[in-house]
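Engineer: One structure, pasted below without further comment.
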Amino acid sequence: MRLPFVLCTLAFAALSAAMSGCDSHAASANTNASTQPAAPGAAPQAQTRAEVFAHVKQMTSLGEKLFFDPSLSGSGKLACASCHSPGHAFGPPNALSVQLGGNDMHRPGFRAVPSLRYLQSVPAFTRHFHDSDDEGDESVDAGPTGGLTWDGRVDHGADQARIPLLSTFEMGSTPARVAAAVKASPYADDFRKAFGGSVFDSDDKTFAAVLQSLEAFEQTPAQFYPYTSKFDAFLAGRAKLNDAEMHGLQLFNDENKGNCASCHISQRAKDGSPPQFSDFGLIALGVPRNRALPINKNPKFHDLGACGPERTDLKGQDEYCGIFRTPSLRNVATRKTFFHNGIYHKLDDVVRFYVERDTNPEKFYPVSKQGVVEKFDDLPKRYWANINTDPPFDRKKGDKPALDEAEIRDVVAFLNTLTDGYDPAKDKDSQKGIGIGEVKSASN
Ligand code: HEC
Ligand code: HEC
């Protein structure tokens, strides 16, 4: 079992990664180099800790302004926050499978908007992941793991931010347009203060500073990894889970039932850091084709995840086709669209897919006139060997599903405990149910 990376500290991980020499993997995917003081036009190297701290703080505050600023986009109408809604854990603001963008605001994307919370512990992409937390055996290769976006194609927040800014179906902008917007913005002076006067010398310099600021903002603990869910309160002994939630947790963990925790890890890491509800592995689940997506009107189009089309470095390597990064399930109940192609809109439908994909495939895939189920209809047959067959996907047609309807409801009740912003003091039922001290298996 893979466990998530270590956090240096919950307080200002970006900063501590830059300052404290904390060499854990917390300085991973998006806490790396670019939060360090070597910013374009920044002051010379020998900075004191206080100066580094001040610089990160300035970048963070600028990043927040940029994140909410639609003037960076080609249409002038789309901000990062339009798709990554702060009220929805920085996930989609609505139930659309994919959002609209581009210069006319009518161009659909083809992937669901992921939450931007808890990305601080996503490791850099690797084809062969060896986890020191893996039951004492580091020789186990857990396969392709990590990286940002559904296909893991970039490792740093700054590189990632470039994608939506320049994508023709997202913000549809250019470095020149972004630079002009920043120069004309009310925060232009703050930009000079943070990066030095030369930041406006060239569009490329300004653009690089924009990307770094966005990355710094995405690492603000209070907004991006607050750990304030009911489940966190439960782990800390400050709340109890009711019967449905506790039963749901057990089903989530049980290898013979949901077996969800084998990928969406629910236990603390060995160093005691909180569970991330993902091992960040890239996995093929054989999610059905979302026929509502305009791009899927073309029968030849397939979103193959790590082997393309968005990602290009693994193109033509069959073993990477159809795999997508396991998302964290923290705040999943704030979403109304699920899986990389946004095919489902209710959590119980997602859980039902897991437990009935193989026992009742006709519920999820098209059935031909002859009554043949077109299973895995979004993945060409030559890649089917990649599709996961671990429990609960280890059954065959007609078998009993791993969870019944009542159990699916309980798993969903448990998933609802993963939403940030829970306050035990405001929940009169917070002390009703089962506390962490009373369970052995729920957590350790
Ligand atoms: C039109 C909607 C849209 C806008 C606007 C948008 N994004 Fe995204 N964002 C997405 C989608 C869709 C993905 C998944 C992309 C993929 O997998 O290829 C994504 C992925 C991401 C990720 C990676 C998340 C993960 O789970 O690895 C980050 C970080 C991110 N966006 C930040 C930003 C920033 C910063 C901006 C503004 C500069 C922005 N986004 C603007 C739709 C949007
Ligand atoms: C073998 C690893 C694996 C197992 C086991 C697993 N998941 Fe997942 N989960 C994934 C991957 C990979 C995705 C993304 C798949 C995609 O979009 O193509 C995902 C996506 C999800 C999503 C959608 C999240 C989002 O933001 O769209 C939910 C909800 C979810 N899983 C819940 C569960 C539950 C509940 C179980 C147990 C019944 C479970 N998972 C078991 C790997 C796994």
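Start at 1 and count along the chain as shown; that gives each residue its number.
Every residue gets a Cβ built from N, Cα and C, even glycine.
Whatever TrEMBL says is automated annotation, not expert-curated.
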Engineer: To which of the residue ranges 295-319, 420-444 does TrEMBL assign the term region 'Disordered'?
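Structural biologist: The range carrying the region 'Disordered' annotation in TrEMBL is 420-444.
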Engineer: When you get a sec, could you say which of 26-46, 47-67, 236-256, 320-340 is annotated region 'Disordered' by TrEMBL?
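Structural biologist: Matching range for region 'Disordered': 26-46.
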Engineer: Using DSSP, what is the helix/strand/coil residue split across the region 'Disordered' (129-154)?
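Structural biologist: Going by DSSP assignments, the region 'Disordered' (129-154) contains 0 helix, 3 strand, 23 coil.
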Engineer: Per DSSP, how many helix, strand and coil residues does the region 'Disordered' (420-444) have?
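Structural biologist: Per-class counts: 6 helix, 1 strand, 18 coil.
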